[in-house]
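Engineer: Take a look at this one; I'll ask things after.
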Amino acid sequence: RALRLAGGRSRCEGRVELEQEGTWGTVCDDSWDIPDADVVCRQLRCGRAVRAPGSAAFGRGHGPILRDEVGCEGHERHLWECPAAPEHDCSHKEDAGVVCSEHQEWWLSGGRDGCAGRVEVFFRGTWSTVCNSTWYELEATVLCRTLGCGDALQRPSFGHTLPGKMVYLCGSLQPSLAQCRWAFNKSAPCYQSWAAGVVCNGT
């Protein structure tokens with residue numbers, strides 16, 4: 001038995017998908033709530049649930065609908081330990097999703113469009129800037145591709161004006177910055193740094 005999130009912007013956000021006897025399926029959003037989502041987030045080592053959206057918020061899944069009327073209390077170690085209805089009356093437009101606290105999302109602000117500007121990260125409920133101490137072409141390209149903006153052209157610097165600071169170090173071309181090595185609000189790698197920016201060629 002396996003569990004994953006699909007259709008989100010990181011591995012800690014998306015449509016809930018379960019594997020049962022070799023087939024992947026989805027969960028119906030009837031009575032889907034934060035305690036249910038909490039179990040999913042903890043099982044995936046993604047922290048706690050921030051939101052528990054239904055109505056196929058991350059797109060419609062495929063395959064069987066494997067759980068309905070899920071009733072977790074929130075302390076269970078696995079989603080399949082929670083009570084659920086054996087039969088369902090759902091379609092994939094009711095697929096359940098989660099957003100966990102360890103989900104990271106990025107946007108570029110202050111540029112000509114969404115493919116240029118200062119890098120800002122939403123993580124653990126706060127917006128952060130990124131320290132440019134390890135902001136190299138590799139990290140900038142990973143972000144440009146995540147945002148659907150092509151490759152990195154330039155890496156301008158900005159001031160830090162947001163409450164949090166993130167630092168990323170990728171080592172290789174990862175599918176997203178969340179899969180790179182990162183640190184949140186650690187002062188040492190951010191000492192005397194500027195806030196990272198990027199201009200992508202898809203701008």
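Glycine too: its Cβ is placed from the backbone N, Cα and C atoms.
What TrEMBL records for 3-101, 106-201 is domain 'SRCR'. Under the heading disulfide bond, TrEMBL lists Cys72-Cys82, Cys170-Cys180.
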Engineer: At the Cα level, what's the spacing in Å between Cys180 (disulfide bond) and Cys72 (disulfide bond), rounded?
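Structural biologist: On Cα coordinates alone, these residues lie 32 Å apart.
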Engineer: If you draw a 10 Å sphere on the Cβ of Cys72 (disulfide bond), how many other Cβ atoms land inside?
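Structural biologist: So the number of other Cβ atoms within 10 Å of Cys72 (disulfide bond) is 21.
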Engineer: For Cys170 (disulfide bond), which residues of its chain lie six or more apart in sequence with Cβ-Cβ distance below 8 Å?
Structural biologist: Leu138, Glu139, Val142, Leu177, Cys180, Arg181
Engineer: By a 10 A CB contact count over all chains shown, which of the disulfide-bonded residues listed here is most packed: Cys82, Cys180?
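Structural biologist: Its Cβ has the most other Cβ atoms within 10 Å: Cys180.
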Engineer: Can you tell me how the residues of the domain 'SRCR' (3-101) break down into helix, strand and coil by DSSP?
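Structural biologist: Counting residues by DSSP class gives 16 helix, 32 strand, 51 coil.
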Engineer: Mind tallying the domain 'SRCR' (106-201) by DSSP state, helix then strand then coil?
Structural biologist: 20 helix, 40 strand, 36 coil
